[in-house]
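As structure tokens, the structure follows; a few thoughts come after it.
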């Protein structure tokens, strides 16, 4: 199966998820964001090839849909790695060293923000406030927030994630 980010057509699973999201949510005012969230929750990303289907189903232009996807950093246009590491960029975390942590993370993983490692283990993303300012700087991996993060703690976190068994969603 060709990678969606390379512009291929939707897979059958992707088509079903997109149709389900559009059909179940299109009657709601402002349905676009809930539709996009549903798709990303189910697939891990919003396939670029789904834009025309979403636009048609919600009576919007392709540009409207693409504009919303590209405006919100939370939406991905490619499948994420097994672990999504989000580094907080809010003021409190910045004042406590998150910029240096970003550089260290990029160096350790060999990727920048919105990129996935070649082995598909990690995706690195910025996030704007995790609500854990007392323990800045913070990172989130999945639903877990890790505070008082420094280079050594980050390396330990990555090492522990590499040894974890992760659940893989079957198509």
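The backbone N, Cα and C atoms fix where each Cβ goes, and this holds for glycine too.
In the three-state DSSP assignment, the secondary structure recorded for residue 129 ([2Fe-2S] cluster binding site) is coil. Over all protein chains present, the Cβ of residue 129 ([2Fe-2S] cluster binding site) has 13 other Cβ atoms lying within 10 Å. The feature [2Fe-2S] cluster binding site is assigned by TrEMBL to 88, 93, 129, 133.
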Near the Cβ of residue 93 ([2Fe-2S] cluster binding site), how many other Cβ atoms are there if near means within 10 Å?
27
Per DSSP, three-state class assigned to residue 88 ([2Fe-2S] cluster binding site):
strand
Starting from the Cβ centroid of 88, 93, 129, 133, which together make up the recorded [2Fe-2S] cluster site, report each further residue of the same chain whose Cβ lies within 8 Å of that point, ordered by sequence.
89, 90, 91, 92, 98, 128, 130, 131, 132, 136, 137, 138
Within 10 Å of the Cβ of residue 133 ([2Fe-2S] cluster binding site), how many other Cβ atoms can be counted across all chains shown?
17
With every protein chain in view, how many other Cβ atoms are within 10 Å of the Cβ of residue 88 ([2Fe-2S] cluster binding site)?
28
